[in-house]
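Trainee: Have a look at this one before I ask anything.
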Amino acid sequence: MAPSSAHNNGFYVLMLVGIVVSTMVATCAGSFYQDFDLTWGGDRAKIFNGGQLLSLSLDKVSGSGFKSKKEYLFGRIDMQLKLVAGNSAGTVTAYYLSSQGPTHDEIDFEFLGNLSGDPYILHTNIFTQGKGNREQQFYLWFDPTRNFHTYSIIWKPQHIIFLVDNTPIRVFKNAEPLGVPFPKNQPMRIYSSLWNADDWATRGGLVKTDWSKAPFTAYYRNFKAIEFSSKSSISNSGAEYEANELDAYSRRRLRWVQKYFMIYNYCSDLKRFPQGLPAECKR
């Protein structure tokens, strides 16, 4: 007896679910206690609210930091941050993925503090095999100190996407055919730190940290990681993958951010690269 169409539909749904599960493993953090280690700064780094909230603080003696217990090789990382309020000049809140060693890979969000009323600068960078110098900087279109906002990294063999509140702000494409290394072989941990960088962070170091405002504190919540299978990622064509990650609306949002809020792009800095822009900038 032939199976019913309903039976067939159920079978295909089960097959589809199985395929999705085999190519993507979601890890929703139960708590910061389970997923992260406080690595430096003593009691300046704290986990509270039953493991649902984490804070880092900076004073004149020390900053603080944490790292993930787990390493990741391709995936989507989401974290909600509320940055240092008030006069945060001279401070840097760094949130990034990194491997270890002299040829490490790294994907950076760095939030450069500023005087009260002036906007934060979001500094992004990508290191491949120990080499960075791929900076793009942005103003944010909101006050990142008043509420929590979500900062995300999507990392696959085809490209890396930086997102703020699910709006893409930067796409770094795999340009290995042009001889540009791409992070794809070294698993990376999640790191974050709050530290003093008043020799460069605010107006090139002209504005120093006002220690009378210390301690400076940033807050974290709602961490989530979704791991992608490298095999399934590589099987997608570049164009197909691009369409899956950035639909027409997302591409418009990316252009909007880059037109109105980007304040530095290494791919436009001809003075910095008088012998010619890096190969990935010429695509």
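Every residue, even glycine, has its Cβ placed from backbone N, Cα and C.
Not my notes, these are from Swiss-Prot:
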- 31-220: domain 'GH16' (DOMAIN)
- Glu106: active site, nucleophile (ACT_SITE)
- Glu110, His123, Thr124, Asn125, Asn133, Arg134, Glu135, Asp199, Trp200, Gly204, Arg272: xyloglucan binding site (BINDING)
- Asn114: N-linked glycosylation site (CARBOHYD)
- Cys267-Cys281: disulfide bond (DISULFID)
Trainee: Determine, to the nearest whole angstrom, how far the Cα atom of Thr124 (xyloglucan binding site) is from the Cα atom of the residue listed as 'active site, nucleophile'.
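Mentor: So the alpha carbons of Thr124 (xyloglucan binding site) and the residue listed as 'active site, nucleophile' sit roughly 10 Å from each other.
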Trainee: Could you state the CA-to-CA distance between the residue listed as 'active site, nucleophile' and Cys267 (disulfide bond) to the nearest Å?
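Mentor: Their Cα atoms are separated by 19 Å.
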Trainee: Can you give me the Cα-Cα distance between Cys267 (disulfide bond) and Glu135 (xyloglucan binding site) in Å, rounded to a whole number?
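Mentor: About 9 Å separate the Cα atoms of these two residues.
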Trainee: For the C-alpha pair, I'd like the distance in angstrom between Glu110 (xyloglucan binding site) and Cys281 (disulfide bond), rounded off.
Mentor: 22
Trainee: How far is it from Glu135 (xyloglucan binding site) to the residue listed as 'N-linked glycosylation site', counting Cα to Cα, in Å?
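Mentor: Here the two Cα atoms lie 19 Å apart.
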Trainee: Using a 10 Å radius around its CB, how many other CB atoms surround the residue listed as 'active site, nucleophile'?
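Mentor: Within a 10 Å radius of the Cβ of the residue listed as 'active site, nucleophile' lie 18 other Cβ atoms.
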Trainee: What whole-number distance in angstrom separates the two most remote CA atoms of the xyloglucan-binding residues Glu110, His123, Thr124, Asn125, Asn133, Arg134, Glu135, Asp199, Trp200, Gly204, Arg272?
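Mentor: Answer in Å: the longest Cα-Cα distance is 21.
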Trainee: Can you give me the same-chain residues 6 or more apart in sequence from Asn133 (xyloglucan binding site) with a CB-CB distance under 8 Å?
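Mentor: Correct list: Asn125, Tyr266, Pro278.
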Trainee: Rounded to a whole angstrom, what is the C-alpha distance between Trp200 (xyloglucan binding site) and Asn114 (N-linked glycosylation site)?
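Mentor: It is 12 Å, counting Cα to Cα.
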Trainee: Whole-number answer please: how many Å between the C-alpha atoms of Asn114 (N-linked glycosylation site) and Cys281 (disulfide bond)?
Mentor: 30
